[in-house]
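The annotation domain 'Anoctamin dimerisation' is assigned in TrEMBL to 12-226. Annotation comment: TrEMBL describes 229-845 as domain 'Anoctamin transmembrane'. Marked as transmembrane segment by TrEMBL: 240-267, 319-338, 430-458, 478-499, 646-668, 810-831.
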Amino acid sequence: VDKQQQSKDSVYFRDGVRRIDFVLSYIDDKDGEKKQDRRKVFEANLQKAGLDLETEDKSESEDGKTYFLKIHVPWEVLATYADVLKIKVPFKANDIPAKREVPMSWLFTPYRLPDRVMHPEPDYFTYTFDKSKSDFFLIEDKETFFPPSTRNRIVYYLLSRIPYSVEDKDKKGIKRLLNNGTYTAAFPLHDCRYWTQSRDDNCESERYSLYKHWARFSRFYKEQPLNLIRKYYGEKIGIYFAWLGFYTEMLSYAAVVGLLCFIYGVATFDNNVWSKEICNETIGGNIVMCPLCDMKCGYWKLNTTCSSSWQSYLFDNTATVFFAIFMGIWVTLFLEFWKRRQSRLEYEWDLVDFEEEQQQLQLRPEYEIKCTSRRVNPITQEQEWVLDQTPADKTGRFILCWTTVVLWESEPYLPLTSKCARSMLSGATVLFWICLIIASIIGVIAYRLAVFAAFASIMKDSPTNKLDVVGSLITPQFATSVTASCINFVIIMILNFLYERVAIKITDMEVPKTHVEYENKLTVKMFLFQFVNYYSSCFYVAFFKGKFVGYPGKYAYMFGEWSGLRNEECEPGGCLIELTTQLVIVMVGKQVWGNIQEALVPWLRNWWVSRSARNHPESLYSRWEQDHDLQNFSQLGLFYEYLEMVVQFGFITLFVASFPLAPLLALMNNILEVRVDAWKFTTQFRRPVAAKAHSIGAWEEILNMIAVFSVVTNAFIVSFTSDMIPRLVYLYVYHPGSEKTMEGYISNSLSVFNISEIPSVNRPEDGENPDWFDSSNITTCSYRDYRYPPGHEKQYQHNMQFWHILAAKLAFIIIMEHVVFVVKFFVAWLIPDVPSEVKARVKRERYLIQEYLHDYELEKLKIQLSQNGRNIDQCTCPTTASSPMKVEVVSDCLT
């Protein structure tokens, strides 16, 4: 073949007529006789199934050792499997009037894309394809009637079920051939280079349009061409980008409100009376605090926490309560409005009648292979359409014709005992890994407790204390928190890397029946692990640190007093600022690391693989070779995209009361994420096999679960992590004088302990106390709690104010939860999942489809009657099944 005569962007066979629908590549190893035999049988079976094949010799490839097998699907096979897969195709132009234009829509003109990009196809009425009624559909050109995404989906359906062994019919499927190295890659082709249009007028150049209008960061403010994405990549990827875009849009409202709450904190900065008292030399400078750790920590003055107290106020103010309630309502609005958006997409993308049961009819090849037991299907014991194939001539080509047979349909199944054993082993494995995470978190906590004393001793005379700007910020608490957060982040990423592989293995071991079931099982396993992995450290700081400390003379220890690991205390300003630090490090660190993995790693790999081919003339670097050099988009690639966003969703909802700027950070990340994902799909990855989906699947239930749980966590954060409730109780009940004031709050929130009563194991060692400390003049120290002072008849027991504050905290939790839940359920009830306009259009379309189908059948009957005269007995009217019937095509083709 003279490749100089071929275009670099050719997506056709050498005859220039038959389109390349799929490409397989392989390397002919010297010791690969078994692989050759497998390929020979597999390719012979592909041809028996009706596919056209064409091989590019290794001498024509760029590396001189790779063969490329090009596959084309003829019309007969397309029509047969479009019927099997229940693919909807157009039969009439949609004559329902379009919805009226939104008022003031001209304001959104700068954000709009050209109409030819937003709506690449006319709107049609569609109906499930029926090969026996092919003249009912709008078939102008059989070669272009099915779009490339549908064609490659049909090819992959066949490739997944074609056997490659003569002796063992259970050995089948391209996935196993890829795993054992028989083939090195299997992929559909991109239609052109992404940076320029194809020279072939018959080529759509949709990849170029996607790159130009969608996959560049300069287009970050533009809407997404969802219809074009769906046409090129399929509904499953289209629904992901629709959800990601909608989530990003809704984040903008939360980000604005969170930013306003932060601005409120900055604007009321000077009204922070308690921080002024902490920083005041005559108040905070005269309050001597008890040591924060045993022996290595000395006494310290309250005003050393001046900076952290001011920082804490930025996030711990009255606006925090409002924002926590707002986010509880926002998450409900987000989920309800997404359901409405999703229902519109279902209508626009012909997914209204799409049922997961249709996908469940398509068993996973792995399930069919591993389940050797078979049983009678109690539901489908009825007439079944089976493909009868008889060789038409000596060449062995098969003629496809339909016959009707009655049989007892059997199906593969997994025995209950085997299923239970596999599920128990899987559950035990997941539980083991969750325990491993908890153990690592306990290790990090032990690190915090162990090194705090070391930091306190080392940093006592550290040169950093003399720095003008950051000197007051670098405290033992800060150093411990930052280093522990970084160590925790590294542990999270390592465990995540290992568990991903374990989760896939144990899900494979369970042998799920369908692709939907497989994805749902893996989703639950992965998210359960990620939930514990990413959020456990934040839960510790929010709900455990500083809550079980004890008091001087009777401190609480993590593993008992023998361990010497005394539980951490919160600063007088509370633990909220530390929760904020933990949240920022884990959340931002994950986002930065994720973007590096998603963008930089594929780019570097592709650059390395194609480094030599870039210097070739374009006529020598064919379309299939270009795509072969790109990264493979795995079957679980979209799963990880969802996982990343859902984990982020957890961060901005579960702990948002501690950091109102979290939605803003998430918004900035997602604006980048949309374009990074678009760029990655368009330029760095091979074209994925198109797949259908009418929703985001199990992720929707996970989001609902997080939404409910977030109300509880934020209520507890406001009550127990922040100092909001103690301050309000002081303001309304315990303030001195007749006027409500926060003056004296710091002294009121601290308890006093007699230094002489501190046990020797808790006292600072010689030389650990600061120079200003004089034991003869200073006889008491303060600590953060509400207890009776020494000399009182109930000394060191909790006073009445403690119980008042506890009652107020519990009351706030109950009130906030009930208010938010009532509003959530009311909003969910008020907003219907499917807009009334969509319901009306669906009903109208169904009515018209039945009317047109009836007219078609009537007209066809009239023609047959006119051709056959009055001899009704000779009428060959097609029988119509009253219910969907299972079609087994591939197995019959090859037996």
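Placement of Cβ uses the backbone N, Cα and C atoms for every residue, glycine included.
By the Cβ criterion (under 8 Å, sequence separation of 6 or more), the transmembrane segment (810-831) is not in contact with the transmembrane segment (430-458), since fewer than 3 such pairs are found. Packing against the transmembrane segment (478-499) from elsewhere in the chain are residues 308, 433, 436-437, 440-441, 444, 447-448, 451-452, 455, 459, 526, 529-530, 533-534, 537, 578, 581-582, 585-586, 589-590, 593: each is 6 or more residues past its ends and has a CB under 8 Å from a CB in it. Same-chain residues lying 6+ beyond the ends of the transmembrane segment (430-458) with a Cβ under 8 Å from its Cβ atoms: 292-298, 476-477, 479-481, 483-484, 487-488, 491, 495, 499, 502-503, 506, 525, 528-529, 532-533, 536-537, 540, 558, 565-568, 768. Here the transmembrane segment (319-338) has long-range neighbours at 243, 246-247, 250, 253-254, 257-258, 260-261, 264-265, 652-653, 656-657, 660, 663, 700, 703-704, 706-707, 710-711, 714-715, 717-718, 722, 724, 816, 819-820, 823-824, 827-828, 831, 833, meaning same-chain residues at least 6 beyond its ends whose C-beta is under 8 angstroms from one of its own. Averaged over the domain 'Anoctamin dimerisation' (12-226), the predicted model reaches a pLDDT of 87.
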